[in-house]
């Protein structure tokens, strides 16, 4: 049995008011790697099939497909062989169910975790500090809606995997799905596109702060923890669990809903950025508190309505929704208000999808400057925005603007991904090609 030997420079400790946490035993500078953790289990998003290797998450052309289901793609025979213990859970089922094979990403990940747990004889390299079974589940905090969703996931697991997997009892499944809900990571690329879902037990020990001193990024199927501030010996390390663009009330609501806790970091107690994030238009008539409150309610409803509409509305209808809400919000909010920025960012995404590059640039240019003010210094949200803009400028033959945007993205990426990361070397190559 592999013992919990620890990670050099990192200590687990009882963090006051937060339960378990991690702190450093030596100093770390900005951009320095604190530690990395291989995924315990992971699954590639269906939308990325054919573009990324199912085993190592390398993006490349000319991947070889599985001869049986023709739906899984690999770098080579070696990757395919390594992935078989997991792919065999799905290969025959995909052939049998055909178009009706539709388990959620969460269900697919849990199936793989169950298979891994069954085959596992000793502590894995993903569990140097924390065993998978020791992760928080928060079963007692689940409301009826979450419980129903979990029951639906369990039904999906039985429907799609019962032929190839022996399941633990119902209570154990409830716990496992809850653990994945609270501790699962969305693996993202340099443009923050969703590549898949994974579980990293050791990374789950990181507590949250809205003013984080580390960031979690990905190198293939490994998660890496890098410093985004200078960290002194004895300091706790914090990452952010959520998008930090929004004002304090919104962040706290999201943390309570998703992770069952409230944050008391400096940013949440001082609310120092809220005035800037909620900037109001300068008008000849005074804008009253009620008008602002009503518009905040409208903005939050618009965001939720848009999120739901993405499932079934056409790009044209979605863009119209964005434009209508931006116009209405603009009567009260300034263009740098986070609710307007949110809808502009969505509008940019639709323009990219429909290949309206001029439209995408128009929205992107409105968003990028406020982003650099409202997000922390080394933010993937800012880097990915500069990257997208850079690629749009190049496509529109605006090379100087493209190189400038790439350079700004690179400054952030070298810190959050590391100077030797493929994303960084590929971007440098892209810049040299011009």
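FYI, residue positions are counted from 1 along the chain as it appears here.
A Cβ is built for glycine as well, from the same backbone N, Cα and C atoms used for every other residue.
Averaged over the domain 'SET' (8-242), the predicted model has a pLDDT of 96. Taken from Swiss-Prot, the feature domain 'SET' covers 8-242.
Swiss-Prot lists 18, 19, 20, 138, 207, 208, 259, 260, 261 with the feature S-adenosyl-L-methionine binding site. For residue 261 (S-adenosyl-L-methionine binding site), the same-chain residues that are 6 or more apart in sequence and have a Cβ closer than 8 Å to its Cβ are 18, 208, 255. Following the DSSP three-state reduction, the secondary structure of residue 261 (S-adenosyl-L-methionine binding site) is coil.
In the three-state DSSP scheme, residue 56 (Zn(2+) 1 binding site) falls into the coil class. Sequence-distant neighbours of residue 56 (Zn(2+) 1 binding site) (same chain, 6+ residues apart, CB-CB distance under 8 A): 75, 79, 220, 221. Per Swiss-Prot, Zn(2+) 1 binding site is recorded for 53, 56, 75, 79, and the stated evidence type is sequence analysis.
Swiss-Prot lists 53-91 with the feature zinc finger.
Within its own chain, residue 91 (Zn(2+) 2 binding site) has 66, 68, 69, 72 as residues 6 or more apart in sequence whose C-beta sits under 8 angstroms from its own. Residues annotated as Zn(2+) 2 binding site in Swiss-Prot: 66, 69, 87, 91.
The Cβ neighbour count for residue 69 (Zn(2+) 2 binding site), using a 10 Å radius over every protein chain in view, is 16. Around residue 20 (S-adenosyl-L-methionine binding site), the same-chain residues at least 6 positions away in sequence with a Cβ under 8 Å from its Cβ are 12, 13, 14, 130, 205.
It is 18, among the binding-site residues 18, 87, whose Cβ has the fewest other Cβ atoms within 10 Å in the structure shown. Remark: residue 207 (S-adenosyl-L-methionine binding site) has 15, 18, 21, 22, 236, 238, 239 as non-local neighbours, by Cβ distance under 8 Å and separation of at least 6 in sequence. Non-local neighbourhood of residue 53 (Zn(2+) 1 binding site): 60, 63, 73, 74, 75, 79, each in the same chain, at least six residues away, with C-beta under 8 Å from its C-beta. Other residues of the chain with a Cβ within 8 Å of the Cβ centroid of 66, 69, 87, 91, the Zn(2+) 2 site, are 68, 71, 72, 88, 90, 92, 94. On its own chain, residue 259 (S-adenosyl-L-methionine binding site) has 138, 182, 208, 241 as residues at least 6 apart in sequence with a Cβ closer than 8 Å to its own Cβ.
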